Amino acid sequence: MSDNTTPSRPAAVGAEGRKTAANKKTATSKKTATSKSTAANKKTATSKNAGAGKGTAAAKGAEPPARRPRRRPRFSVERGWFPPLGNKGRIALVASLLTGLLTHGYHLFRYPLYLTDEGIYMQRAWSLVRETSLSPYTYDYDHAPLGWITLAGWVFPLPKQFETFGNAINTGRFLMLLVHVAAVYLLFEVARRLSGSVLAATVTAFLFNVSPIAVYFQRQVLLDNLMMLWLLLSLFMLLRREVTIRSVFGGGLALGIALITKENAIFFVPSFMYLLYRRVKGSASSRFTSTLWPFAAATPIGAYVTYALLKNELLPSGFDFDLNNPPADHVSLLYTLWWQLNRSQGILFSHTGLLQTSWLVRDKFLLIAGVCAMVMCLWIGMRDRRRNLGFLIAGTLALGYAFYLVRGSVVLDFYVTPLIPMLALNLGMVTDRLLKGTFANRFMRGAHSVTRVAVPSFVAILLLASPASGYLVHTNTEGHTQIADQYQSKINLTGMQHAQIAWVRKHIPPNSRIIMDDDLWGELHDVRPFYPYAHSHWNASSDPDVREKLFKKRWQNVDYIILSNKMRRSMMLNNSDGRENWILQALRNSDRVWSVTEGNIKLEIYRVQ
């Protein structure tokens, strides 16, 4: 039956009629199909809505699926996967550099008192610049020379050379400030790459900058400070993202330079070797890089040994290493090395040792907490040497040098200097590990990120505000709280030494034969009027040219003795063989003509009768 309501047409129709009928039929079919399709679509939509409604109802009655934890960024010291520094890291780095510049630069030329060894190193730098020799006296290989070669290279292009910053030691101290700022950058990056954390790097740099014992020793012109800069550079080169031939060679060369700056850098070498082994393990070039690194490190050392060999000063005369009968007319590198290894002086842990009388007095927190952090780093690193390689390296670096200090040989006050950045590194990494945690709740994650900043900030404020720490304030001998000595504008310890020099220039003729300490040497030999016969007590008693030719080992040939209480103590300690008896006899036959005392520091001048 037709769907049309019009009457039926006759069967016989024309072509045009057939076409029209066909068109109408097609249109009708399309309309019908469209209607069916629309109905089907409506039905489908209804079904979907119904299904969705059922799903929604079911979802309301069920717990939502747990949020997948955020994937942490990849980190591996062994493979060189280090998180990027980021904007927060850059801000922390700049803040650390500025803090180091402020804490170590303020009061730099007034505190601490000029040290004997500062005078020795600047004296030898003076000899390089003025006389092109390694020492104004007989060079006895007591230290490798690169440290004062560096000082001479710093001084030479300056407009007034040794007097650019007032005197020779001040000029050297300004270089130490630049060295410290560079070391802060390297230590920050080393800590960040060993831990994968900007927080650990920031805590490390903070302690390295503000620790009183760090400020005290790193302001001074010491070979240890230069050595640590080269060691940190070597470590930084080994912690590049990719272990390339250039980085391996540079790291080895920097280590070799550190070794001929100060020989005790050798106690860090095992940790460096292990880090290199882990970095190149399994790589195609592991054999080549493992050979290249020690070759690069040995190159500067070989140059030093070759120098001694060419001067015929490598071996002692007659191959005699008898420490009880040292050669009087010949110095040698190997004899001095043997003598250094067999030196012994006091016990570090006794009540009169440096640990009790100097180091803990200056900074209990860093030393005690740092040693505890070192033990924790070693424990964490040994538990999983693959994932916690950074902790193992940090712990062994501190342990190796701590062994050097406690091994029983001679230890001087400033020998603790290289341990300070290593303890700060261990403290920074342990602080970061203790503040880490996994939180499934977003609110707790937010609270955790605040805690990671708030807790170290609170401890930092506590250290700075507590008089017991001595970081910013301390309690003086009268029981009053005041700014710590390293930042106290009223304290001018080096001013006492300037006054001592001023009296000498005013009252003592330049041709006088003077015995003094090394810290005054540059002032009397590089500033007019010159005092060519002014020599340190050590050189006057041990250098044959000075002892026999000038003083003839007779106290009557001494005109003046410029003395400090530390010089008096040094003469007593170093006189076991009686070499300074004639100087002490001159002191007993003299009259005091000038003196000044401040705290436990006493400076004097004696005229020999």
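Glycine too: its Cβ is placed from the backbone N, Cα and C atoms.
Just so you know, TrEMBL annotations are computer predictions that nobody has curated.
Features reported for this protein in TrEMBL:
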- 23-64: compositional bias 'Low complexity' (COMPBIAS)
- 164-279: domain 'Glycosyltransferase RgtA/B/C/D-like' (DOMAIN)
- 1-79: region 'Disordered' (REGION)
- 171-188: transmembrane segment (TRANSMEM)
- 194-215: transmembrane segment (TRANSMEM)
- 222-239: transmembrane segment (TRANSMEM)
- 251-276: transmembrane segment (TRANSMEM)
- 288-310: transmembrane segment (TRANSMEM)
- 365-382: transmembrane segment (TRANSMEM)
- 389-406: transmembrane segment (TRANSMEM)
- 412-432: transmembrane segment (TRANSMEM)
- 453-473: transmembrane segment (TRANSMEM)
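Counted over residue pairs separated by six or more positions, the transmembrane segment (194-215) shares at least 3 Cβ pairs under 8 angstroms with the transmembrane segment (412-432), which defines the two as touching. Tallying C-beta pairs under 8 angstroms between the transmembrane segment (389-406) and each of 171-188, 288-310, 412-432 places 412-432 first.
Listed stretches 171-188, 222-239, 251-276 were compared with the transmembrane segment (412-432); the greatest number of C-beta pairs under 8 angstroms is found for 222-239. The average pLDDT for the domain 'Glycosyltransferase RgtA/B/C/D-like' (164-279) in the predicted structure is 96. Residue counts for the domain 'Glycosyltransferase RgtA/B/C/D-like' (164-279) under DSSP (helix as H, G, I; strand as E, B; rest coil) come to 96 helix, 0 strand, 20 coil.
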